[in-house]
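Here's what TrEMBL has on this protein:
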type: TRANSMEM; residues: B:17-36; note: transmembrane segment
type: TRANSMEM; residues: B:73-97; note: transmembrane segment
type: TRANSMEM; residues: B:118-143; note: transmembrane segment
type: TRANSMEM; residues: B:163-182; note: transmembrane segment
type: TRANSMEM; residues: B:189-207; note: transmembrane segment
type: TRANSMEM; residues: B:242-259; note: transmembrane segment
Amino acid sequence: MGQIEVQDLTKDYGSRKGIFQVNFSVEKGEIFGFLGPNGAGKTTTIRHLMGFIRPDSGSVSIKGMDCFEKREEIQKILGYLPGEISLLDQMTGTEYLNFMAGMKGLRDRSYMNELITYFELDPRSKILKMSKGMKQKLAIVCAFMQKPEILILDEPTSGLDPLMQIRFIDLLLEEKKRGVTILMSSHIFEEVEKTCDRTAIIREGRLATIENMNTLAEKKKKVYTVTFTDGQAARNFAEAAQKYEAKVLDHQVQLSAGGRPGEVLKKIALADPVDVDIKSQSLEELFLHFYDKEEA
Amino acid sequence: MMVWTLFKRNMRSSLKILIALFAVISMYTAVIVYMYNPELSEMLSGYQEVLPDMMAVVGMTGIATNILEWIQIYLYGFIMILFPMIFGIIVVNKLIMSYIDSGSMASLLSSPHSRTRIILTQAVTSVFLMFILMAAVTLLGFFCSHAMFPGELDTARYIELNASLLLMQFMNLGIGFTAACFCSESRHFYLLGAGIPILFFLFQMLSNMGGSMEKLKYFTLYTLFPAEKIVQAGGDVWPRNLIMASIALALFAAGILWFRRRDLSI
């Protein structure tokens with residue numbers, strides 16, 4: 001049984017909005033990615049996990065406890081970073097962190113201070129006057145400060161500059177070493193690729209796929225861009241290489257193929273092109289078709 | 001059953017508005033007490049003859065023969081209903097609705113406390129704040145009367161009057177509280193939580209004019225406030241107090257029960 005279990009979770013908001021029959025489970029010590037376009041249902045799923053809303057049908061549980069009924073028990077071991085950061089605007093950052101530490105019954109605040117230093121956060125100003133990035137850092141400190149067993153992070157790096165995004169990824173990997181279970185929604189393929197063990201893709205409220213990130217690397221195709229002297233040669237070559245999804249662009253041909261490159265290269269060599277360029281497909285390209293409504 | 005960190009935070013964030021409302025009500029109280037004299041009372045009853053509707057609308061009817069009646073006529077028909085009501089709406093908005101509307105309720109709920117404890121803390125804070133405001137105003141009225149007109153105020157009845165008014169304001173608070181627990185957006189909250197008390201207030205003013213309008217008094221909870229009965233010692237006010245307390249309690253209970261089970265899109 002996983003640390004986080006989502007079974008047949010359905011919440012129908014009408015006019016095809018909501019989430020439908022979502023199933024997944026997150027194992028202990030795993031970083032589980034949650035990818036999908038805006039409005040796909042990532043946040044709705046996370047709200048169920050936090051016990052903010054109740055499922056229409058299906059169930060959500062954390063460590064065997066129902067997320068709605070046992071919310072306060074679950075919160076003892078959970079750190080949460082909301083997607084839409086809305087903190088208490090009238091407080092200063094310091095007041096907010098102390099308030100939240102008080103709410104969580106946290107006595108030892110040394111880790112909180114470590115995190116503040118780590119993210120180079122100056123929490124003394126009023127939250128109302130803070131930039132998006134500062135608020136994000138504040139929310140990150142708040143989610144991590146009690147060293148929770150389980151972390152639920154809704155788009156954790158939005159608003160962070162590249163340097164801080166890298167620091168955040170390092171922090172995630174450190175937490176993983178401690179055995180923390182992490183569920184993280186994201187828009188950024190790179191951070192998912194670097195951190196997640198498995199990734200679920202959600203679109204229009206339905207889970208499209210769950211990919212294991214290690215086996216995914218094998219599925220990645222390579223894109224060969226073959227350049228010829230003229231358009232006729234390109235078209236001839238494309239016809240000969242139809243099975244590699246050949247696309248003609250003027251006097252260039254693009255092929256994409258998985259598996260070993262030898263066979264493709266042989267074929268290319270026979271056609272005697274002017275130039276060849278080979279690129280690995282990125283995770284983004286691999287997943288992008290899930291984002292495209294037309295292709296479904 | 002309370003979250004003390006949250007309670008302290010509530011008190012600190014509501015202090016300014018408490019002081020502001022206390023200052024406004026204090027000013028009115030001091031001025032009205034200062035203006036008390038039986039001769040003026042005669043003059044004002046002259047106004048009542050000339051402008052009967054005007055004066056009746058704001059509850060200023062009858063002739064004051066002592067300072068308690070004076071206070072009741074000129075403070076407790078209008079000022080003391082309206083201003084604590086406004087205070088209650090502001091407090092409920094601050095302690096509950098703004099957290100839900102802005103989504104910062106997520107901060108409160110990402111802590112190991114049940115929803116019941118959190119919403120109960122907010123309920124207790126709002127009740128406590130209303131109590132402090134009314135107690136402070138009562139004390140102020142008491143001291144003003146004794147400073148300016150020593151020995152004239154019937155203290156026991158004055159306290160009874162304020163205790164009944166406090167219960168009535170708890171009903172108002174209960175309406176706002178329940179509205180906040182049900183609503184997801186501020187505008188809906190204002191429509192119910194502020195709209196209903198204001199509607200009651202308008203009904204009360206119109207029914208004061210008498211005639212066919214008088215029937216409106218059956219559509220406002222403020223009719224339960226036994227101000228005249230207390231001042232004229234015309235009977236037992238405990239049944240009415242009990243009804244007001246029960247309504248307030250029922251409203252708070254309904255709000256808490258709903259909040260425990262509701263969906264919060266935060």
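Think of each number as a place in line: the chain as shown, counted from 1.
Using N, Cα and C of the backbone, Cβ positions are placed for all residues, glycine too.
Counting Cβ pairs closer than 8 Å to the transmembrane segment (B:17-36), the top stretch among B:73-97, B:118-143, B:163-182, B:189-207, B:242-259 is B:73-97.
Packing against the transmembrane segment (B:242-259) from elsewhere in the chain are residues 115-116, 119-120, 123, 127, 164, 167-168, 170-171, 173-175, 177-178, 180-182, 221, 224-225: each is 6 or more residues past its ends and has a CB under 8 Å from a CB in it.
Stretch with the largest number of CB pairs closer than 8 A to the transmembrane segment (B:73-97), among B:118-143, B:163-182, B:189-207: B:163-182.
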